[in-house]
Amino acid sequence: MGPHEDSSREKQEGNPGEPVENRPAPLSIEVGTSGGGLVGNGPSDTSNTVVPDPESLHPVSSGPVYSAFSKPTKRWVIAMAACASFVSPMTANIYFPALNPIADDLGVSVNLINLTLTTYMIFQAIAPTIVGDFGDMAGRRPAFIISFAIYIFANLGLALQKNYAALLVLRMLQSAGSSGTLSLCFAVVADVAVSAERGKYMGIVGAGINVGPALSPVLGGILAEYLGWRAIFWFCLIYAAVWLIPYTLAVPETCRKVVGNGSVPAQGWNMTAVDFFRCRHSPQHADTSVGAPKRELRFPNPLNTLKVVLQKDLALLLSYNTMIYLVFILIAATLSTEFADIYHLTDLQIGLCYLPYGMGCCLAAILQGYILDTNYRRIAHNIGFTIDYKRGDDLRNFPIEKARLLPVFPMLFTGIAAVISYGWVLHAETVLAGPLVLLFVVGLCITGSFGILNTLLVDLYPEAPATAIAANNLVRSFTYPIRTPMGKHVWIACLFDKVI
């Protein structure tokens, strides 16, 4: 007997200590009535009035809403997160076309310039483990602001430096500032979006991450050729500054450990600049500490990321995600050399060849969200699960793995077939249109596959989503040796020669 039945019975039976003559006449359930209602059969009931049947009403969930932010505010926060997600992959890849010019200007070998790539990757693996834990503890705003401030000053130094030692150190600082933002961007989605609509928002944020590796080399080549290699770092500085100003002014704190569902007033550095000055000049808004949870700040612990990696289910998910991502990044890394050798294209033409790849990545990021949300609703309908868009769903009673993973299989199989075909057409040196079409398919399917796995990762670790994404980045860092020049030759041989 459910809670609604108990409540109904109490109302029907009245107070047990009340005299029988004072109690209301009992009601009986009439099955098959046009409202599915209760029909009064007491002595004073002569009109046969139909009363709504409590059993026909949907149960109302108790508790606060999952997110108190309005829909326009959610869109604003997600849009800013999507723009921020572009920074890290852009910074890692926009540098490639300028390696030779930088070596010539600084009077060092290209091998020494390549060493700056290695140190960049080391910090790219370490920084998210610290920034992610800090963001889950202190809030998204402090983590974003500190990271972007470091990034801006690093780019300023890189644009002005004139010796190799400064380049090496500042590239590490640049990596530390940019790499941690990825985990924060996905964490913002988990803060404001329930599971039923999370796929759409994860796709929007993932668009910046996926487009970055495909399009930033083109941008870097244009800047280096027409404005000089220092323009690359000026561009990165300007992009970050243009993003940071509106973020500091008007993007609210979303971390659930700091502001709950958004109804708890933010304090101190978690407040937007607009709210801070409003509180200072408005006495009625001066006390924002009421209802705010007390937090004890500590030094970020990067070992918390290892706790995620060592969980069996998450470790398996991270491993598959890393393998798929490796295919994506190595195709982008080898595209320029292979197209130059086979089709004898100019640097500008090679840059344009990245466009189909980037378009596929961008389309995948957008489509994957709608596919995930549609499949979530379909699974919920099939098992009779009621989706609560306001308060969020209890995923302990929902097959979230099935809802997320079902769309992966057709995309992954299609993507694998496209990768194999891509190797064949390059080996056969077919017309240029062949590999370009396949690049679009690879970008669409492979990118969509690991984007879906990222969404599942956030679903499985909702208490610290930034730390979970940092763990994903840490496992990916184990593939860096394969992405070295020697690793690229091994990859090319396996893909283009051994597959035939």
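Just so it is clear, glycine is given a Cβ too, placed from its N, Cα and C backbone atoms.
The following features are taken from TrEMBL:
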- 1-57: region 'Disordered' (REGION)
- 1-13: compositional bias 'Basic and acidic residues' (COMPBIAS)
- 76-96: transmembrane segment (TRANSMEM)
- 77-500: domain 'Major facilitator superfamily (MFS) profile' (DOMAIN)
- 108-131: transmembrane segment (TRANSMEM)
- 143-160: transmembrane segment (TRANSMEM)
- 172-194: transmembrane segment (TRANSMEM)
- 201-219: transmembrane segment (TRANSMEM)
- 231-250: transmembrane segment (TRANSMEM)
- 314-334: transmembrane segment (TRANSMEM)
- 354-372: transmembrane segment (TRANSMEM)
- 405-425: transmembrane segment (TRANSMEM)
- 431-453: transmembrane segment (TRANSMEM)
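Ranking 76-96, 172-194, 201-219, 231-250 by CB pairs under 8 A with the transmembrane segment (354-372) puts 201-219 at the top. Of the ranges 76-96, 108-131, 143-160, 201-219, 431-453, the one with the most Cβ pairs under 8 Å to the transmembrane segment (314-334) is 431-453.
Counting residues 6+ beyond its ends, the transmembrane segment (201-219) has Cβ neighbours under 8 Å at 74, 78-79, 81-86, 88-94, 96-97, 182, 185-186, 188-189, 192-193, 235, 328-329, 332, 336, 351-352, 354-355, 357-358, 361-362, 364-370, 372, 443, 447, 451, 454-455, 458 in the same chain. Long-range contacts of the transmembrane segment (143-160) within the same chain: residues 84, 87, 91, 131, 134-135, 166-167, 170-171, 173-174, 176-178, 180-181, 184, 230, 233-234, 236-237, 240-241, 243-244, 247-248, 269, 466, each at least 6 residues beyond the stretch ends and with a Cβ under 8 Å from a Cβ of the stretch. Ranked by number of Cβ pairs under 8 Å to the transmembrane segment (108-131), the listed stretches 76-96, 172-194, 405-425, 431-453 are led by 172-194. Highest Cβ contact count with the transmembrane segment (76-96) among the listed stretches 172-194, 405-425, 431-453 falls to 172-194 (criterion: pairs under 8 Å).
Model confidence over the domain 'Major facilitator superfamily (MFS) profile' (77-500) is summarised by a mean pLDDT of 85.
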